[in-house]
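Here it is, the structure, as structure tokens.
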Amino acid sequence: MAGGGGKSVAAALAMACFLLILAAFAPPAAAAPPDIMSIIRYNAEHGVRGLERTEAEARAAYDLWLARHRRGGGGGSRNGFIGEHERRFRVFWDNLKFVDAHNARADERGGFRLGMNRFADLTNGEFRATYLGTTPAGRGRRVGEAYRHDGVEALPDSVDWRDKGAVVAPVKNQGQCGSCWAFSAVAAVEGINKIVTGELVSLSEQELVECARNGQNSGCNGGIMDDAFAFIARNGGLDTEEDYPYTAMDGKCNLAKRSRKVVSIDGFEDVPENDELSLQKAVAHQPVSVAIDAGGREFQLYDSGVFTGRCGTNLDHGVVAVGYGTDAATGAAYWTVRNSWGPDWGENGYIRMERNVTARTGKCGIAMMASYPIKKGPNPKPSPPSPAPSPPQQCDRYSKCPAGTTCCCNYGIRNHCIVWGCCPVEGATCCKDHSTCCPKEYPVCNAKARTCSKSKNSPYNIRTPAAMARSVPEQPDSISFVVLNREDLV
């Protein structure tokens, strides 16, 4: 992106993101006891009076946690190795002590709370090494002036785009794929589309994963939201999630679905960096894609409240700011941030992050690399339905060739064809050697010279005939065939 009025970002984001492998192993809701959270969350009997859970209590909590987060319950292990179950329990117990101690302090002083979520049997080092990405060299940004805060205009005290129906519910889950950048961009586009057109349409993250390989985007191996917006604008729109569903893995771009442009944008701009007031102004008008440092232990185990925990500015995760406000109980200003780890992380898939901090970068770097899609007009008209496929070519009563090919006789007696072949082009001329054919644009076939030409004496625009494949008999057990590629016509 070309620069636009501000200094270049020191480090652009290449989100390898959180690959939520554990999401695939969640059991049905009935598998978890109804009182599980009363056991695995902080209990006033522990921590406040300096007591620690006994090993038996910790194992009971771990068994309940396994029933909720791992298929197979207490006898299972993350990787199936001998001794891994015990090792995972020890990590879980250490995290449980950390959560108990933190929540005891939170109860005394007020503050955000932690919980034993799906990451509770990972050390923070494992969490960071397995699920977090890197930060490559930066590049220019397309900084817009529309939301630059001049310190004069009044902004609403609070905004929540969920209340205005501009976010898809429930929170989506990126699963075991580093596609947070795609989820962030899609959520921002879904929001602006609702604001402009009045329609809330769930859009396809998978199209971005498979088709948006521009810039720094690399499917499940990470990407950045600006490049996702650039792809959507250049492509003329994005397909729906229903038509192009998410698979949590890389794949080949489906060109037919890529051409179904249901929701479009006109472009994108970047919020002036390191300026929370400009970010606030932007979020007051629409959901905004932001990048954050999500690698801290407290972030890993976040459960509820306004997050004021330790974090840096190593931008490694893409999320969406969908609002801001002030906590009624504590008076803490916060950002409402939509994650892509499903609805069972944090506050139904959201985290409230501290706002108006001393650092210009914002909490966890939230003000460093924010961007938003631009949309001014209606969406593209629905594409006409694809034409029905042509029927197979019937050569005779017993043989046929696929649609888009031509029946040519391979072997015959007098005027009766015994064996049919299929020329790999439609409307072709069958050559007299009974084994090759010429396209209709070059109908003159010289089998001996192996040429196709436009006229009998033309020395120009000569092509080589294509070889034919055997036709399909009506009795499929007798003969099989493969149609040769059009590349035979060179």
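A Cβ is built for glycine as well, from the same backbone N, Cα and C atoms used for every other residue.
In case it's useful when we look at the structure, here is the feature table from Swiss-Prot:
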ACT_SITE  CYS180  active site
ACT_SITE  HIS317  active site
ACT_SITE  ASN339  active site
DISULFID  CYS177-CYS220  disulfide bond
DISULFID  CYS211-CYS253  disulfide bond
DISULFID  CYS311-CYS364  disulfide bond
DISULFID  CYS395-CYS407  disulfide bond
DISULFID  CYS401-CYS422  disulfide bond
CARBOHYD  ASN356  N-linked glycosylation site
SIGNAL    1-31  signal peptide
Using the structure shown, find which entry in CYS211, CYS253, CYS422 (the disulfide-bonded residues) has the sparsest Cβ neighbourhood within 10 Å.
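Checked CYS211, CYS253, CYS422; of these disulfide-bonded residues, fewest Cβ neighbours within 10 Å: CYS253.
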Let me know the most crowded of the recorded positions, choosing from CYS177, CYS180, CYS220, CYS395 and counting other Cβ atoms within 10 Å.
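In terms of Cβ crowding, the pick is CYS180.
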Measuring Cα to Cα, how many angstrom lie between CYS311 (disulfide bond) and HIS317 (active site)?
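With the alpha carbons as reference points, the distance is 12 Å.
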Within 10 Å of CYS180 (active site), Cα to Cα, which of the recorded positions CYS253, ASN339, CYS401, CYS422 are there?
ASN339
Which of the disulfide-bonded residues CYS177, CYS220, CYS401 has its Cα closest in space to the Cα of ASN339 (active site)?
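That would be CYS177, the closest of CYS177, CYS220, CYS401 to ASN339 (active site).
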In the three-state scheme derived from DSSP, which category covers CYS422 (disulfide bond)?
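It is in a strand.
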In the structure shown, which of the disulfide-bonded residues CYS311, CYS364 has the fewest other Cβ atoms within 10 Å?
CYS311
When you measure from the Cβ of ASN339 (active site), how many other Cβ atoms are you left with inside 10 Å?
28
When you rank CYS177, CYS211, HIS317, CYS407 by Cα distance to CYS364 (disulfide bond), which of the recorded positions ends up on top as the closest?
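So, spelling it out, the nearest of the recorded positions is HIS317.
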Would you mind ranking the disulfide-bonded residues CYS401, CYS407 by how many other Cβ atoms sit within 10 Å of each Cβ and giving me the lowest?
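Selected from the disulfide-bonded residues CYS401, CYS407 on minimum Cβ neighbours within 10 Å: CYS407.
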If you compare CA-to-CA distances from the residue listed as 'N-linked glycosylation site' to each of the disulfide-bonded residues CYS220, CYS253, CYS395, CYS407, which comes out shortest?
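Nearest listed residue in space: CYS220.
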Whole-number answer please: how many Å between the C-alpha atoms of CYS422 (disulfide bond) and CYS407 (disulfide bond)?
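Rounded to a whole number, the Cα-Cα distance is 5 Å.
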Helix, strand or coil for ASN339 (active site)? Use DSSP.
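Reduced to three states, the DSSP call for ASN339 (active site) is coil.
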What kind of secondary structure is CYS407 (disulfide bond) part of, going by DSSP in three states?
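Note: CYS407 (disulfide bond) is in a strand by DSSP.
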For CYS407 (disulfide bond) and CYS401 (disulfide bond), determine the Cα separation and express it in whole Å.
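Cα of CYS407 (disulfide bond) to Cα of CYS401 (disulfide bond) measures 6 Å after rounding.
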Tell me the coarse DSSP state (helix, strand, coil) of CYS177 (disulfide bond).
coil
